[in-house]
């Protein structure tokens, strides 16, 4: 409590926030610290936070301080030292806070300072062994409560070794124990211990070690004086020798085996063996426990003391104990012991070293150990006297050595493979050499896998350094081992390796050793080295640099670098395939570099691949740049075309003496660097039979050709060989050489052939006539055939050249065909299609257009000698045996095929016929494609049958085999699968009627298939539902369409889809076509009865949904007119019918079709009489009923005449006013309808009696013919009896009843529902059938009968009282219904409205009454509501059956009819007139700039006006409170007037752009000169004279002023003529305004203060001011009409003042001004001595009057200077100007008289006169100033129109007030109203 009271409350609040806050991630190392109280030393404790940087503080620094650890520059630290600071011995606490400077998190630790009450020494053991590690002893301090202090750091202790009085015979010596310092040990102490040891002090922790065996006692006490009474702490330690027993573990022996034990001790870090038996120690066997089956009398084992050997005698166990021989030591220390188990051998085990894995490697040495285990898997000690026989296969192992007992073998693995080693424990040999064979030998074997050593390939890899990790990967191959390896890298910064041996380079250079360890034996591994170095050079390795076009060249790269370590050894990189090599080709298009790089190879590390694209040569440059390393290499490449024999391709045949020019193409080109190495060789077998010669160099650079001319000199065959290439060179070490061979044959012709030249030589077909009639060929009789002569040798090979032959031609019938001499045979070499040219002899045969047969023959008679001589043919040669050929020609017409184009369906069963006519009759038919169609020709019929195979287009070509020249006759066949189906059907069908659906199947070209294919397609038309039925019709619209009849059987919507089966059996369906089966389209009403001028709207029911537009028409347009919306208006008496048609558009044809139609009869009549429709004629007082006017028939309802134009008026009256009240139908909501709407009224029964109800119907325009006989009025009257309601007078109570209609129900409710237990019961006699029924919940249900029942309601109160009421329940039929409306409308002055407000939503409630007028509480009527038109109101169902909601949407009259569906006699009619509730009525268009004072009489119940709003404030802004609206922009807007929670009405306003803006000068009577300085111009925006619309209230006028409508316009000024050098705005100012009284905008123009220069200029020239106004600049097309404002700048004088004297008695002054001002200019003088008279008048331009000013009395001024003024004023313009006049009297020195000398000479000669004149001028000026301030200043006007022009202070003498008051104002009688304009006050020049 004491320390808590010291903490500030604010701090506690902070702590509380931090403690209860969310846990932070940072933590302190300790929550509480207990520190000892000290005086001499300070005990520290380090606090440390896990993370963050903190500001540390202590709540009580005097108890415990806190010091942060770290740099002094930082304001925070993560560690801090807590130090006990308490000066008085007490237990106190300080709270340590650490606040994170970043997050604000606060950590807390409590630091407690207390006294030490006791200490104790803590150790890990109390026994020390000689030469063992030292023991650490630590002091632990406790307070009075036994709490342990957190630290004793820094507290000084005294550690001493004292005498041990309890040694019990042990040697007690200070030398037995030694206290060590940490400085001389190998252990790290706490930092404060090191500091204390340096100061030769001992802390709370020390080290001790044993010096010799014995016992020692250690004592520690606190050195601090405060704790002198604290009891020291003591500890006794025992120091022993370190004795070991070998083996020290438990031993398992077999019977008969033995083990030798050794006793050892550790001395100076070495283990030495003690000779046993010893003086100090002895071995003993104790606790011998034989096996249960053993002999208890025999020992389990015996110990031979001399040899320390234990021999197992029988199965069991025994303990071997090492003990002290000295009795005093036997209980003081614990010596080692061992347990010996004698067991039976269970099985053998095998181990191998190294690795302990039975996976070995050949060539390695291994130690195999065979171990014996008992049945419990305990390892048996392998005694030397056991015998184990091991079998190690000699082909796998080389045994180097073995142990005597056979348990150890040193071997070498010599062969790989799988084998097994086995071992058998057979016997035990005793000490005497006796062999004891085991009855059951123990045998086992071990499988061994031996592998060859692991080697990695390659052994060295060298990679270039790349900046990114993983640039190179290489899969290292490992051989040997088990095949399953684990991989490792010695330096992962250089290279890494994956589990699959994939090496990846890292980011550093250097060496990494990759090892692959055998997973089955990790000791086996193979390794290789990976170097990562920087490259230093790059070059291409020798390779092939020539390639055929299309082939690829691989260009290997060799990149070298220096080995790591700084040496000069260069090594070739193993892999540089990931180098970012830049490959550049000098000549683009020859070689194309291929993506990717060559994989590394033995002689290269990477490389590029290029593809030969075109023949030519280029240079390839490969470069690499990274950082400071830049390498490049260049190589020249060449591409060539393959060498091939073109002509001939293989064999050339010529006749003797003929030659053949052989053409070869391609082959290597001359090497670009050494062209001289290029060669071409051509050889033959026998150079004497043929001559060969190369024709010129290669033809061109781009297309290399080799031509060899071969000439036949002797008959025979030869092989010609050509080889092309380059010889090896330095830049082309592996050149390409291309060889090729052809055969040459020189032979005589064995036969000749004659063939017609056909237009299609690709058809290798012969005419059948040629085979049947031997060389009979039909040809066209209209074209000359061309015959081709060919020569063949004995092998049937055609001659390449037979030009050395001599040929003779003949014709058998020259009249049909002849050989003309002027058309000799042309020898032409033509390509035979294989590139080889053959000689053709082309001979033209002339035909003469006659049919018949002729024979043409050609004969080779011998050789031409000229050819033989030129070819140097060897002589003699064999003569030629003549050969000949003939051909018979038949002249015929050309072939034709029909049809030429058609489309067929792809189906196996489809076939079409092509008709072939004319021609030779021998035809070959083929197609342009092989897989589209199959064509079969029936020659007997001349018909080709076409079968489809696959979709597509193909051309059938009919070749006439026996006509040589004509092109084939063609027919284009399109084979198509089904692309889509198209269903055309009207989407609407009336139930019970039918429409036709048309289906077409389209091919791929969107063309329809023929209908004959539909049978192959299984065409079906299906409907998605059963609302329609489908019938297939046989009639066909065309050859492509299937027709179906769609019959509507049920109402709904479905879809039609056609489907067919294609060739593959898949169904193909069309897009579903929606079709609607709609109910019969019916127009309502079925008959329309109207009078002339009345209107009724025809509506519809049924028909398609959503309903399309209905087209209305009438058959007799003179009787009535019908609008597009179905509104029928009566025109004249008569009958007609209105047809309503529902149309739809045919999707395919686009034609409009009629879906459904209906007729309505229309009767236009005259009202012959009227009747009052009253549901009852007897009514009870206090009830009401509706009455309305009808015609004489039931069809003549108010719908027939209620809205006629011109209208009818209805006037109601009663004969006795006190019996009935007549009220309008909407009287309850304060609407009083005018007479023209009062066709229906409400009748209220007031008092009992009988009265007549009369109505008079008057025609507003009798000539309209609405009443029979052009009558003016009709009337009717009925009698109504009002009777009094039955009441009880004694007692005077109200007897009420529940009124229900038959078959209705009501839920009864009482005021005790939920509070009392209610029960309901109908009290009727047992003989009377109940009229109503009720249940326990209060549901009252009436039956079909009528009558009265009694209902008992009992309430059982919880306090024990019962309440009972009896209620009569009357069941009666409904007699009539009545409509009422809500809500009630309130107006400002309680006046009634004449119509419903536009935009209002009202609720109509239907009330049901019985025959007495009482209202039913429950009924079962189903009501219908209808209006005579739907464009003025919107009607909708209400929340209950007897309500409807109507919203008024447009101005006009609508009639509402409500009736009971089951009882048509229950009906009512009410008028619904709708008018605007917002005024004013806007006759014309509203334009931008108009201001509207909107108003509405509607208010809330309390008389509060509503709020105004606009749908678009940027178009029309409306003040929400007053309703003032300003049109700002063109557009349509809706203004809303809303009374919150009651109603909302609106008015639609269209704001247009004004066509013109007119400014007019405002003529006003100005009464003062000051007002003449301003002028106002009215601005009319638009065509109206006023821009203020509506009647504005005072509040609205204030709102207009606050809204500043003048901001909408801007006013502009300019001079009408540009006659001044300054603009009008420098002289005048103009401001826009708005005058609410005028309702117009204004431009107020004011003249500024003018400078003398401006005043002078304005007077010198005359013009007027043009004022225009404009609205925002977006309306650029607005016409602007300006106003012309005349202005007068004011009077101007050419002198500022006048000086007169007795010498100069007169002076002239010119006064300038407007003509209006100068015409009646008056002048007045302030002194009689000074006069002014007109000298000259000039009313030209400029206008001025010259005045002569003189002194009347020459002696004036003799008594002193006379100062006065002349005032020039104009009554017409109220302008005036004042000129000061000074008269001085000057004496003449030279003469006695005053008139002797001139004024000037006296002035110049008299010094006094100069001073006099100066002071006179000063006096005059002073008088003027005083007069100004005295007279003018108080008279300044403040009217806004009197904006006086400003002037600078030096012009002040020229203001109006500068003249005396007497001249300042004209007499009122003389003041004339100046013309409206701008007038300046008086100005004068200086």
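From the backbone N, Cα and C atoms, a Cβ is placed for every residue, glycine too.
Lifted from Swiss-Prot, the feature list:
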type	residues	note
SIGNAL	1-26	signal peptide
TOPO_DOM	27-1808	topological domain 'Perinuclear space'
CARBOHYD	44	N-linked glycosylation site
CARBOHYD	337	N-linked glycosylation site
CARBOHYD	405	N-linked glycosylation site
CARBOHYD	484	N-linked glycosylation site
CARBOHYD	681	N-linked glycosylation site
CARBOHYD	801	N-linked glycosylation site
CARBOHYD	926	N-linked glycosylation site
CARBOHYD	1039	N-linked glycosylation site
CARBOHYD	1116	N-linked glycosylation site
CARBOHYD	1135	N-linked glycosylation site
CARBOHYD	1362	N-linked glycosylation site
CARBOHYD	1441	N-linked glycosylation site
TRANSMEM	1809-1829	transmembrane segment
TOPO_DOM	1830-1886	topological domain 'Cytoplasmic'
MOD_RES	1839	phosphoserine
MOD_RES	1844	phosphothreonine
MOD_RES	1873	phosphoserine
MOD_RES	1876	phosphoserine
MOD_RES	1880	phosphoserine
MOD_RES	1885	phosphoserine
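Shown on the structure are the features that Swiss-Prot records.
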residue: 44; record: N-linked glycosylation site; DSSP (3 states): strand
residue: 337; record: N-linked glycosylation site; DSSP (3 states): strand
residue: 405; record: N-linked glycosylation site; DSSP (3 states): coil
residue: 484; record: N-linked glycosylation site; DSSP (3 states): coil
residue: 681; record: N-linked glycosylation site; DSSP (3 states): strand
residue: 926; record: N-linked glycosylation site; DSSP (3 states): strand
residue: 1039; record: N-linked glycosylation site; DSSP (3 states): coil
residue: 1116; record: N-linked glycosylation site; DSSP (3 states): coil
residue: 1135; record: N-linked glycosylation site; DSSP (3 states): strand
residue: 1441; record: N-linked glycosylation site; DSSP (3 states): coil
Whole-Å Cα distance, residue 44 (N-linked glycosylation site) to residue 1116 (N-linked glycosylation site), is 121
Is any of the glycosylation sites 405, 484, 1039, 1135, 1362 within 10 Å of residue 1116 (N-linked glycosylation site) (Cα-Cα), and if so, which, in sequence order?
1135
Which of the glycosylation sites 337, 405, 1441 has its Cα nearest to the Cα of residue 1039 (N-linked glycosylation site)?
1441
Could you round the CA separation between residue 1135 (N-linked glycosylation site) and residue 1441 (N-linked glycosylation site) to a whole angstrom and send it over?
37
Other Cβ atoms within 10 Å is the metric here; tell me which of the glycosylation sites 337, 405, 484, 801, 1135 scores highest.
801
What residues, ordered by sequence, lie under 8 A Cβ-to-Cβ from residue 1441 (N-linked glycosylation site) and sit at least six positions away in the same chain?
1421, 1422, 1423
In this predicted model, the topological domain 'Cytoplasmic' (1830-1886) has a mean pLDDT of 37
What is the number of other Cβ atoms found within 10 Å of the Cβ of residue 681 (N-linked glycosylation site)?
12
Of 926, 1116, 1362, the glycosylation sites given in the record, which has the fewest other CB atoms within 10 A of its CB?
1362
Which state, by DSSP, holds residue 801 (N-linked glycosylation site): helix, strand or coil?
strand
Return the residue, from the listed glycosylation sites 44, 1039, with the maximum count of other C-beta atoms within 10 angstroms of its C-beta.
44
Please report the distance from the Cα of residue 405 (N-linked glycosylation site) to the Cα of residue 337 (N-linked glycosylation site), rounded to the nearest angstrom.
27
Rounded distance in angstrom between the Cα atoms of residue 681 (N-linked glycosylation site) and residue 926 (N-linked glycosylation site):
48
Among 337, 484, 801, 1362, which are recorded as glycosylation sites, the nearest neighbour of residue 926 (N-linked glycosylation site) by Cα
801
Using C-alpha atoms, which one of the glycosylation sites 337, 484, 1362 comes nearest to residue 801 (N-linked glycosylation site)?
484
With H, G and I counted as helix, E and B as strand and the rest as coil, say where DSSP puts residue 1362 (N-linked glycosylation site).
strand
Spacing of the two Cα atoms, residue 337 (N-linked glycosylation site) and residue 484 (N-linked glycosylation site), in whole angstrom, works out to 47
Can you tell me how far the Cα of residue 1362 (N-linked glycosylation site) sits from the Cα of residue 484 (N-linked glycosylation site), in Å?
103
